[in-house]
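*Asks:* This is the structure I have questions about; it appears just below.
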Amino acid sequence: MTVTSPIVDRYAVFGHPIGHSKSPFIHGQFAALTQESLTYEAILAPIDGFEASLKSFFSSGGKGANVTVPFKEQAFALCDSLSAEAALAGAVNTLSLLADGSIRGDNTDGLGLVADLISHLGSLQHKRVLLVGAGGAARGCILPLLNAGVGQLVITNRTQTKAKDLVDIFSQLEEGIYKDKLQALSMSELTGEFELVINSTSASLAGELPPLPQSIIGSTTVCYDMMYGAMPTAFNQWALQQGAAKVIDGLGMLVGQAAKSFALWRTVEPDTAVVLKLLREKLQLDI
């Protein structure tokens, strides 16, 4: 009698570089927590060979994939269908191979951000929010923030025209229902304190800071940096020096977006708290 092994679904994350990725660890933990049978690997795709690598993965049994820099826009172009978040972001971080062989693209970055913010703050309803940066990371978070009920979303960027372009795009959605909540300002035009300041730029990775005025930070301001590390980021250190009430890094967003991807593939959303704690401990050990 021949015993056949059950087929285990394959998932992966594609990037270049990819060795630093925490995704295999995160999804491995999610699989264990939910008792889902799957494998998840990191794949280093050649800069000029992402499409071929992805097609090879899917043709050899891959069911879904995450995509990180620099391939999110290329992945977007390969999709047969898109979620609303992905369509507006112009980039995808999650690919699903559907039963008919087509590829669906999602962008779970903003959903992961909002989930992490709510876990810390309880609600985003009516908050005055400043979003620093107007690149892909910012663009993927605007709709989830608006859907979470923020009262005002001001977008600021070194190049103000990019911030204005984003405001113009999102102001036209749903017959203009978000128009009164959105505003683009240069960094020198920012006035008054914000309840929440989100840094979507990668400046902290180089130990740099966007040229923001100190006046945006008040004694109740919460600051969030999408970057993360074993030590507080440069942006969060600056925020604390200005008197911010609380600072949060992007590790929870990383785990949160992964949980949303996992749920799209497996129809079960894992608990993020346990995995976030493990990942935080792992970061400390790697110092």
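Yeah, the Cβs are placed from backbone N, Cα and C, and that goes for glycine too.
As the structure is a computational prediction, the values presented were derived from the model and not from experiment.
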*Asks:* According to Swiss-Prot, Gly133, Ala134, Gly135, Gly136, Ala137, Asn157, Arg158, Thr159, Gln160, Thr161, Lys162, Gly250 bind NADP(+); so which of Met187, Met226 is the extra one listed there?
*Replies:* Met226
*Asks:* Quick one: which of these recorded positions, Lys72, Gly133, Gly135, Arg158, Gln160, Lys162, have their CA within 10 A of Tyr228 (shikimate binding site)?
*Replies:* none
*Asks:* Cβ distance under 8 Å to Lys162 (NADP(+) binding site), same chain, sequence separation 6 or more: which residues?
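*Replies:* Sequence-distant Cβ neighbours: Ala134, Gly135.
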*Asks:* Under DSSP, is Gly250 (NADP(+) binding site) part of a helix or a strand, or is it coil?
*Replies:* coil
*Asks:* Sort out the sequence-distant neighbours of Lys22 (shikimate binding site) for me: same chain, 6+ apart, CB within less than 8 Å of its CB, listed by position.
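*Replies:* Lys22 (shikimate binding site) has long-range Cβ partners Leu254, Leu279.
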*Asks:* List the Cα distance (Å, whole number) between Ser23 (shikimate binding site) and Gly250 (NADP(+) binding site).
*Replies:* 14
